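Structure record follows, encoded as structure tokens.
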């Protein structure tokens, strides 16, 4: 029946039980609407928590990529100086380091995506009472977003590398 009919039936049942036992304790009446609402609330809370964990993970991963790229720039300062002294433009150096950061992040995203697919396929064997689903769109967006994190967190190191002056870079030890 409709939600209104369920509500009326629940009210009648509560009145009957109260008259019979003269108490509202010792029993609980739940209707399907309340159960659905509770499940939706729990699902929404879990989704929000997972989004927060994912955002923190992306931030930590992005900072890790930035640190790796800063070390890479530092270790390759002479190479950058040589390339610039033989004609490499600022844009070439910038793109080189951005591509490297994007590849590192994209490979991490691919590994994460494969781990997620593997877990999703294994989950029915781990917990048969819960179903999982795979979405090509979600996987594609996750991979592209991980590459975007590489671009965003690779900008600072790439910019730093591209601004090095050849003479200073060649003197660097």
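Every residue gets a Cβ built from N, Cα and C, even glycine.
Over in TrEMBL, the protein carries these features:
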{"type": "TRANSMEM", "residues": "50-73", "note": "transmembrane segment"}
{"type": "DOMAIN", "residues": "52-166", "note": "domain 'ABC3 transporter permease C-terminal'"}
{"type": "TRANSMEM", "residues": "93-126", "note": "transmembrane segment"}
{"type": "TRANSMEM", "residues": "138-156", "note": "transmembrane segment"}
Mean per-residue pLDDT computed across the domain 'ABC3 transporter permease C-terminal' (52-166): 93
The domain 'ABC3 transporter permease C-terminal' (52-166), counted residue by residue under DSSP: helix, strand, coil: 98 helix, 0 strand, 17 coil
